[in-house]
Amino acid sequence: MSWRPQYRSSKFRNVYGKVASREHCFDGIPITKNVHDNHFCAVNARFLAIVTESAGGGSFLVIPLEQTGRIEPNYPKVCGHQGNVLDIKWNPFIENIIASCSEDTSVRIWEIPEGGLKRNMTEAVLELYGHSRRVGLVEWHPTTNNILFSAGYDYKVLIWNLDIGEPVKMIDCHTDVILCMSFNTDGSLLATTCKDKKLRVVEPRSGRVLQEASCKNHRVNRVVFLGSTKRLLTTGVSRWNTRQIALWDQEDLSMPLIEEEIDGLSGLLFPFYDADTHMLYLAGKGDGNIRYYEIGSEKPYLSYLMEFRSPAPQKGLGVMPKHGLDVSACEVFRFYKLVTLKGLIEPISMIVPRRSETYQEDIYPMTPGTEPALTPDEWLSGVNRDPILMSLKEGYKRTSKIVFKAPVREKKGVVVNGIDLLENVPPRTENELLRMFFRQQDEIRRLKDELSQKDIRIRQLQLELKNLRNSPKNN
């Protein structure tokens with residue numbers, strides 16, 4: 001019998017990336033130069049938000065998606081934070097509500113007016129104070145309205161009920177800075193990666209650690225739940241400092257199912273998973289390429305598809321929700337790529353090539369929609385419910401009728417589980433102490449430069465005065 005090659009059948013093996021034309025990009029944006037390992041970008045079906053470089057506090061832009069092209073330097077900003085903005089996330093159920101967190105230890109909720117900003121916005125509809133250090137991450141609960149998670153440099157994850165504007169739960173199982181958070185499909189489990197080199201699966205309402213992996217050979221940076229497959233995927237660094245990914249069983253983190261080395265570059269690998277198509281996208285910070293794979297239920301689990309290449313390095317990537325995609329073009333995923341050197345935001349569409357122009361049901365299954373499945377009280381009482389699904393064929397542009405109502409409350413001490421969060425401050429890490437030392441050294445050098453400049457100016461004035469006194473006119 002003659003040998004025949006074994007081809008794996010896949011409807012996504014020819015997916016390709018298509019960059020938007022220059023007139024459909026967002027140009028002239030002063031993208032932040034902050035080195036924090038976040039995307040600094042959030043997008044939904046109506047708005048694009050980007051953290052910008054600014055002096056005297058933190059700010060971010062909010063631009064309507066149809067307003068492409070060059071953005072004016074004086075374009076209105078959201079600029080109420082007193083420190084650099086480190087993360088921003090849109091509410092999945094209310095399209096004009098966005099959460100931001102900052103080095104000023106606060107989390108703030110902003111309501112963007114219809115049609116975008118006409119002037120600078122400095123007043124948030126809700127200010128949340130509970131962390132004793134800067135806040136690096138925010139995440140909305142995937143099925144419950146008005147439940148927000150925030151992770152700070154005080155090693156705590158706070159769960160906020162925005163109906164009352166207070167933290168209702170605290171996850172206090174980490175011993176170092178939390179790097180990443182990811183929810184499973186119904187939001188009943190939270191996976192975290194931490195600077196202490198551990199991967200954890202936590203029950204968020206009780207704060208109980210269900211599974212924990214001490215990753216010595218694979219130092220984890222990012223984690224993502226792979227939909228309802230009961231598996232996790234992490235990106236990290238091997239003992240030889242090569243970038244790698246690992247696949248885990250969420251119920252047994254003793255050993256990864258597979259580990260695969262990617263390359264020897266140094267930039268952080270950001271993973272993105274599309275549960276509808278079972279496709280995984282890997283984008284490296286500082287790279288110009290995006291690799292994509294298909295996730296299977298049996299070995300080898302991970303099948304390489306293709307790679308999108310670009311010469312421009314990316315600082316971060318925003319991802320469009322499913323209901324904002326162009327189904328008529330067979331678009332299954334869309335990135336918004338931050339190109340810092342050019343001040344450019346570049347949309348990249350991942351497209352399945354199809355000849356027919358009709359709706360392709362096989363690549364657009366029912367997907368989580370814009371309606372929450374639970375209220376905060378239901379979720380906090382222990383109820384779990386899968387997201388409410390919607391079809392992208394009919395009425396997928398439907399907007400949610402939910403309106404955000406900010407609670408009225410007084411500022412006071414924040415007590416959760418009997419602990420005042422603002423008083424219980426952990427010791428500073430070595431990196432934080434070094435950062436403070438270098439800032440103080442920079443400030444001392446700046447003051448010395450100012451003094452030397454003033455001394456030079458004084459000498460110049462003294463010399464001018466001496467010359468005037470010795471001039472013939474005065475004699």
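Positions of Cβ are set from backbone N, Cα and C atoms, glycine also.
Averaged across the domain 'DUF1899' (5-69), pLDDT for the predicted model comes to 87. Among the features that TrEMBL reports, domain 'DUF1899' is placed at 5-69.
Feature annotation from TrEMBL assigns repeat 'WD' to 78-120 (among others). Counting residue by residue with DSSP, the repeat 'WD' (78-120) contains 0 helix, 22 strand, 21 coil.
Feature annotation from TrEMBL assigns repeat 'WD' to 128-170 (among others).
Counting residues 6+ beyond its ends, the repeat 'WD' (171-212) has Cβ neighbours under 8 Å at 37, 136-137, 139, 141-144, 149, 151, 153, 155-159, 219-225, 227-228, 232, 234, 248, 250-253, 275, 373, 379-380, 382, 384-387, 417, 429 in the same chain. Sequence annotations record features per position, and here TrEMBL assigns repeat 'WD' to 171-212 (among others).
According to TrEMBL, the feature coiled coil maps to 444-471.
Under DSSP, the residues of the repeat 'WD' (171-212) split into helix, strand and coil as follows: 0 helix, 23 strand, 19 coil. Same-chain neighbours of the repeat 'WD' (78-120): 32, 34, 36, 38, 40-47, 49, 51, 54, 57-64, 67, 126-140, 142, 145, 148, 150, 152, 160, 162, 321, 370-372, 399-400, 402-404, 406, counting only residues six or more beyond its ends whose CB sits under 8 Å from a CB of the stretch.
Across the domain 'DUF1899' (5-69), DSSP assigns 3 helix, 24 strand, 38 coil. Per-class residue totals from DSSP over the repeat 'WD' (128-170), listed helix then strand then coil: 0 helix, 25 strand, 18 coil.
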